[in-house]
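> The structure's right below; bear with me while I get my questions together.
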Amino acid sequence: MAKTHNVTEFIFLGLSSNPEVQKVCFVIFLLLYIAIVLGNFLIVLTVMTSRSLGSPMYFFLSYLSFVEICYASTTAPRLISDLLAERKAISLWGCMSQVFFIHLFGGTEIFLLTVMAYDRYVAICKPLNYTTIMNRQACAFLVGAAWVGGFVHSLAQILLVFRLPFCGPNVIDHYFCDVLPLLKLACSDTFLIGLLIVANGGTLSVISFVALLASYVVILLHLRTRSSEGRHKALSTCGSHITVVTLFFGPCVFIYLRPSTTLSADKMVAVFYTVITPLLNPVIYSLRNAEVKKAMKRLWVRAMKPEER
């Protein structure tokens, strides 16, 4: 199939063709990316160094923050550098690599969010068996399964895209390589492959989202028997997770659960789930979780406190 790839590179149109707008966007997205890396790294560091955050919930949260850094790093650095470049080109193999890693980290995040919902279900609905069910080995297995699930999903996407013949043109009306913009450039009938891509990416998002909603319906029904204080604490924790799930799955369903066409709004929606959502996750989890905020304060105090001699 490699012989059908007459195109050796692709050209991005980017977010805007206006030089002044590009300069403004460069500053904005550079600051956003720095905030994503620092914010999520702070959560990882806080969970790793704090004894009070040793429960499975925070173990999964630290992995989610790590995945967010990796996920944003597949698109944001390229977007930032291209905003100051006259020619926004990427090689064929660079494009395929970007597609693979976007779906690897995106798929892993979907499975991690599902695992976190299961963790909350066990903690609230089966509290007496929580430590037995969610032991260290089980948590490690669930994280490993999330990575394997993300890898399988990504491998399926890249195999479908790589089979496409690219003979020209090579201009992508986007700021990164993804399956739908590449389908538009293929010089063959892409109807069947488009359906398979929707079945893989869109169906995964919908099934996971429905499973997450079902788990929280069960949790909410179970909370009716709790005291008002216990109900408030459980809802506060679940509220953060529900917010993150909604922010992530909404744009994903919009992009991937439809026929293989591109819309003018796709780039703005993509900015939301590749940049804004990874930025909001640490904010949501830290501001709505008292234990995380206390652990961050203790970490800050230890960092600022001079060493005793």
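Using the three backbone atoms N, Cα and C, a Cβ is placed for every residue, glycine included.
Not my notes, these are from TrEMBL:
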TRANSMEM  26-48  transmembrane segment
DOMAIN    39-285  domain 'G-protein coupled receptors family 1 profile'
TRANSMEM  60-80  transmembrane segment
TRANSMEM  100-118  transmembrane segment
TRANSMEM  139-162  transmembrane segment
TRANSMEM  191-223  transmembrane segment
TRANSMEM  235-257  transmembrane segment
TRANSMEM  269-287  transmembrane segment
> Please report, as numbers and ranges, the same-chain residues at least 6 past the borders of the transmembrane segment (139-162) whose CB is under 8 Å from any CB of it.
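Same-chain residues near the transmembrane segment (139-162) but 6 or more away: 1, 56, 59-60, 63, 96, 99-112, 114-115, 118, 179, 182-183, 193, 196-197, 200-201, 204.
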> Decide whether the stretches the transmembrane segment (269-287) and the transmembrane segment (191-223) have at least 3 CB pairs under 8 angstroms, with pairs required to be 6 or more apart in sequence.
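Since fewer than 3 Cβ pairs under 8 Å link them, the transmembrane segment (269-287) and the transmembrane segment (191-223) do not come into contact.
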> Under 8 Å between C-beta atoms and at least six residues away from its ends: which parts of the chain pack against the transmembrane segment (191-223)?
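Residues 103, 107, 110-111, 113-114, 117-118, 120-121, 124-125, 153, 156-157, 160-161, 163-164, 179-180, 183, 230-231, 234-235, 238, 242, 245, 249, 252-253, 256-260.
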> By Cβ distance under 8 Å, which residues at least 6 away from the ends of the transmembrane segment (100-118) in the same chain are close to it?
57, 60-61, 63-64, 67-68, 70-71, 74-75, 142-143, 145-147, 149-155, 157-158, 176-179, 201, 204-205, 208, 211-212, 215-216, 241, 244-245, 248-249, 252, 274
